[in-house]
């Protein structure tokens, strides 16, 4: 969320640098507690505001003595713009959004120390060959959390927002309806408690750990502690801010690091958009409810990502992959997944058939942007509201904006079980009738959804498999003392240039494909009720594809630079060159070259040997 990113941005660079001088586990624990407070604040509006009212032409009471929502002369709608101007003023001046804003900012502040300080804590005290595996486990945990969160969100989205305070049997909408609002507040309360409980173990972790692999060598550990104590005394004398600007300059002048940030910004723009709007895409393209869409995303996408992260870390550890090899693995696997992404353009469904919007009242497709064709001869004398979205599905397979616009004259039943009969706009051989809700998109569309989800799962696995090798390039291309600041600056840039703007411009582009807007209590436009699924698909799939395509230009530049450059802590004579040196008996000469600071490529080293 943009507001959460703003809270994160307020502190992330400074926490990333100064946090390494303090007790990192305790800072992480405090961050978790702060996140819990932010989650609690975000849930408060539900308990302070009035009940949710959705637009409807149907009486939720089930009283049929006055069928004002049906086709009849002088018919009026039950839900209509309020006639009392003071009610509109009161609604506009509501400040409930402030709780969400402040809560999001506080959550962002609490999130700030977790990844930069956590990653640097692992890197400082783990073996270099084990570090990728450990970071893979951390990243996997960062996916398992959202997986559980998506399952919880799916449950909450299936529960009506005001459950417990209204009789849900009287509702005339279901979770598949775009007007449905789930119990969003319940998830925030659970997250608040979980965040506070998660913080407890961090308060018991030590500030420093013995370097992994040196547990049996007491002298090395003792000397290491003395050196670190000397460094701490020196920092106290010089001041902890002395190295901040030199570190920043070093990072900004590091071509591999800056190119990696550029790649991350472009790729994050693509993935933030795809992940944020994926539930909406599944709703509009394949006709799924919000709760079903969230559940499918959690089941199909996140487990492959977890497996990919762990597998990537294991491969790095097992085969002792070098940074240059990791860069190639990350780049080419990502490119393979990118090419697979274009198959999604083939997995399409047609627009929902809604009379007067996507089809004519005779069931023929029409131009989606020809203007208002809501009224037809069959409903022109019904005095129907033409803006209210209360869809019904006719037994001819066509949906209508309301029972009145379908020309229905009578109804039986109450709530979501209501059936409308004698509908003059529904042309069938027998008795014309309609039920609440949009018509189902059919079996073929369900199969397309399955293909899309399977391809999405495969793509998620391949991309996550490349993530850990790619992340190790980021960590190993900078000096050890700059890692925490480097991770923080990387997060800062991706939040500023991707996390904040991406949902805003992508949402505006998605709204440009809207075919019908809902109306609020005072008559102003509300949420979009139906999109042009073809144009929405082009934006949802096409824009991320274009963005990601440009990211491979700096990726190939990194591969070229790495071929001619040594990274911090890397030996000049290693890999295939060292193997050949051992075979030819020139191992000592090869090792001597590692003392030389000059950077040579493999061909130059072989020539020198």
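Heads up, the Cβ atoms here are built off N, Cα and C, so glycines get one too.
Copied over from TrEMBL, here are the features:
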type: TRANSMEM; residues: 26-44; note: transmembrane segment
type: TRANSMEM; residues: 133-161; note: transmembrane segment
type: TRANSMEM; residues: 181-205; note: transmembrane segment
type: COILED; residues: 211-243; note: coiled coil
type: TRANSMEM; residues: 256-278; note: transmembrane segment
type: TRANSMEM; residues: 293-315; note: transmembrane segment
type: TRANSMEM; residues: 327-348; note: transmembrane segment
type: DOMAIN; residues: 372-427; note: domain 'Kazal-like'
type: TRANSMEM; residues: 451-475; note: transmembrane segment
type: TRANSMEM; residues: 539-562; note: transmembrane segment
How do the residues of the domain 'Kazal-like' (372-427) split into helix, strand and coil according to DSSP?
3 helix, 11 strand, 42 coil
Ranked first among 133-161, 181-205, 256-278, 451-475 for CB pairs under 8 angstroms with the transmembrane segment (327-348):
451-475
Do any residues, 6 or more residues outside the transmembrane segment (256-278), come within under 8 Å Cβ-to-Cβ of it, and if so which ones?
293, 297, 473-474, 477-478, 486, 489-490, 493-494, 497-499, 501-503, 506-507, 510, 540, 543-545, 547-548, 550-551, 554-555, 557-558, 561-562, 565, 567
If I count Cβ-Cβ pairs under 8 A between the transmembrane segment (133-161) and each of 26-44, 181-205, 293-315, 451-475, which range comes out on top?
293-315
If you count every Cβ pair below 8 Å, which range out of 26-44, 293-315, 451-475 shares the most with the transmembrane segment (181-205)?
26-44
PLDDT averaged over the residues of the coiled coil (211-243):
54
